[in-house]
Structures are given as C-alpha cells and as structure tokens.
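Pasting a structure here, questions to come.
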C-alpha cells in the first residue's frame, strides 16, 4: 500500500465528523514527506560532494524546480525543452495593455510549496475570488442570483430529506456517511466512479445527483474515481485563493532568468538509451540531431509526451501500461476582451456564474487594467464539456459563449459584439506538447497505477503533476520535482 492510499484509509476510518460536516480533507491527503519537501523548497538540497550530470526533459514548472535544486546543490544540469518557451502549461497570453492566464490562474492558500517559491522570487499576489453573491445561476432555464440560495426554484425532483439543501450540502452529507460508517478497504472507494458512489453509497436521488452535476460542475467528471472528486471538492470548499499579480508566467520566467544558459529550447527528445551506469539522451535541435550523456535523467514531460520517446531498453511493462492507461482531461478557456465591463452593472467583481449551457462556468476578473479593458473568462470547461468545443473554430466558440452571455446577463448579442471585439481561445487537448490539460483517474486507477507512475526505472526518473496528487495543480508539479530531486541527489 503506498503512502497516499494509506492516508486515504486513515482518513476514512479515523477522522471524526465535525459539527458542521466540514472536514479539511486536503491536509489529510498530504504525503508524509510534505514538510520535508517544503523545507527543501525553502533551504535547498545539501551541497553535494559527488556532482552528477543530470538531463531534465521538459522546462515546465516541474523541470525548472528540479533544475534549480540540482544547480544550487552543485550538480551539472541541462534542460531539454521541445517548445520555444518555458513554463509548459503555465501560459499567459499578453497584448498591449492586458493579459490573461490561459493555463493555471489561482493558487490555494494551502499550497505552501508554490507559495514558498513565489515568496523567494518576490512575486506579488492578489486575492482570487471564487464566488460573488451577485453572480448568476442559469440552470434548467431558471436564472437566479447566487445570493438567493434557493435551490428548490430549479425544479429538481428530490427526496423529502434532500429538499431545501444546496448541492454542496448534499455532497458533504455523502462524505459524512463514509466517515461515520466506513470499515471497508481503500479499493472500494477507488472502485466507484463519482456518480456510482453518489447513487449506491450516498443513496441520493437522481435529481440530487443531477443537481450536484449542474451546480458543482461535477457532471463532466462523473466518470472519475470518486476519490478524485473528494479531493477536488474539499480543496475548493475549504480554501481561499490568490492569483499572481501581472500573470502566472512570471513564475517560470523567474526560474528561467536564473539559469537560462542550461535550458535548450526547441530541443525534442527522441530516444533515451540506458546502459549500465550511464544514460544517453538523443534529441533533435533546430538544425541538427544531438546527444547528451548523463548519470541520471529526470523526465518531467506529460505522460502522453513521454510515450513519444523511444526507450532502450524499453520501459517495464507495468510502467508502459500505466503511462498508456492514464487519462488526460481536455480543458478549454474562451476569453473575451471587452471595452465595457457589463458584468459590473450586475454588481459582480470576481467570482463566477454557473450554467448548464455550453459555457458552463464564467469567471469574472479579479484585477483591473489601467486602460479600462475587462478580460472575461467567458467559458472554462473540462472533460466532455471541453470536448464540445474541440472541433469548433475559435470564431464559432466565441459565438456560442456570446449566446450564453445574452441569457445570463440579459444583454443583446449586438452589444456584446460591439464591446468585446477581441478573443483568445485555448484548447489544451490540441496542445502539441502537453497533449491534454491535466491527468485524472477513473475507477481502480489510483490503486493500480499511482505508485507505478512515480516509480523510477533505473537511472531514469519521472516527475510532473501526473506522478503526485492532487492532479492539475502547480503545487503538485513542484512537489513531485522536489521528491525526485531528493531521490537523485541521494542516489
């Protein structure tokens, strides 16, 4: 049993139910080594007396974090990055007078490792408001302010004991039942999809499940392992968030500034040969094929990108199966750049509106630009909701979300076209380097694959958000990098 799953079992068997049924499960999901990783982020690795030659594949935040630790400890490091920039899925679109984060856009208060690096680099933060009572629900053709807090208006067919409760309350109560009654092994909880658990164990009505899917935006992820939904739900429920003032790309750029000489951009790794105590990395640069010989290799590319590399000898069958089986979520952001911040006429400043229309979730800006422009995340979707947009042109995507905004904000489409003349569309499923937005697990995959995905193969090590928990966060990428930096440093 790996440490993560052991913690889950301890969580379900040993955490008492609070009076308000609100348990900070995020802390329970932290690995036992977390405080050590945080200390390493703060103070670095010990100085080495035996410098190693290390090649890192990928200049995303995981690769950059590991490289910084290695260099400061005295190791010789080279990073090979296939694209023409650093940061990976941390990506900020910039134009004159405004910017928008098309990748990560918030940092939870509990993510102390990423905050440690933000502090080290003296990067400023400002609050990211997750909710605003003046924002809207538009679900089942019913439009209602969030402040109304009256779910019965939406006409879900609920059991008597479910009526008058919010979607969050209904979800929380299914978790309280697990905490109170669970005597089962970890495999049972990983064996459920979220929807299956809510119906079979939570004993919720079809209407209650639909309500959770709509209001908590869980519907597109109902196929995930129930444990993934637990982690996501409580991370958002019990957290405050911040954003990086001026754009998230500042974080990888600060890493890059300190070690630009060791980062080789436009360098695609094609083959890795592991013989005895040396690893040879073959890669294609802009004009020629090259190779590097190293003592160790750390692969921080996504699982899908890793499958494009030829390994000699091949990776083990269990490792290959885990990489092949891992699911990657699609995610799409559709951004409108507006000269009139029409949402402020509704009293909305930050937060989000939620709808069952294709837009699903609309996030309002938490910062202003001196030129008065408002940059609206008019649709943020993932899983099947995101796949809806994949084959559409950017112009059609914008047309769809404008239709939704007409209904949500009671404005005309002609008005929206006149004030929101620019747009940005990011479809992570089509990104040729990440090949998806973030990893996730379907039932049984935590049990079967989580440990193997993080396991090294001889002198080849693996890091990235898919090798740790919870998936899809900068913090996860960083702590996986620290984990493997320690392992290689001590090897």
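Note that Cβ sites are derived from N, Cα and C of the backbone, with glycine treated the same way.
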Looking at substrate binding as recorded in Swiss-Prot, which candidate out of 106, 129, 143 goes with 380, 472, 473?
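Record check against Swiss-Prot: substrate site with 380, 472, 473, extra candidate from 106, 129, 143 is 106.
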If you measure from the C-alpha of residue 472 (substrate binding site), which of the recorded positions 269, 338, 420 fall inside 10 Å?
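Cα within 10 Å of residue 472 (substrate binding site): none.
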In which DSSP state, out of helix, strand and coil, do we find residue 269 (FAD binding site)?
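Where residue 269 (FAD binding site) sits, the three-state DSSP reduction gives strand.
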Rank the recorded positions 61, 82, 338, 420 by the number of other Cβ atoms within 10 Å of each Cβ and report the first-ranked residue.
61
Provide, as an integer number of angstrom, the distance between the C-alpha atoms of residue 82 (FAD binding site) and residue 266 (N-linked glycosylation site).
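For residue 82 (FAD binding site) versus residue 266 (N-linked glycosylation site), the Cα atoms are 5 Å apart.
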Nearest to residue 61 (FAD binding site) by Cα distance: which of the recorded positions 106, 122, 380, 420 is it?
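Considering only the listed recorded positions, the nearest one is 106.
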When neighbour density is defined as the number of other C-beta atoms within 10 angstroms of a residue's C-beta, which of the recorded positions 122, 266, 410, 476 has the lowest density?
122
Do any residues at least six apart in sequence from residue 473 (FAD binding site), in the same chain, have a Cβ closer than 8 Å to its Cβ, and if so which, in order?
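In sequence order, 104, 108, 111, 114, 465 meet the Cβ cut-off.
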Where does residue 338 (disulfide bond) sit by DSSP, helix, strand or coil?
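In the DSSP reduction, residue 338 (disulfide bond) maps to strand.
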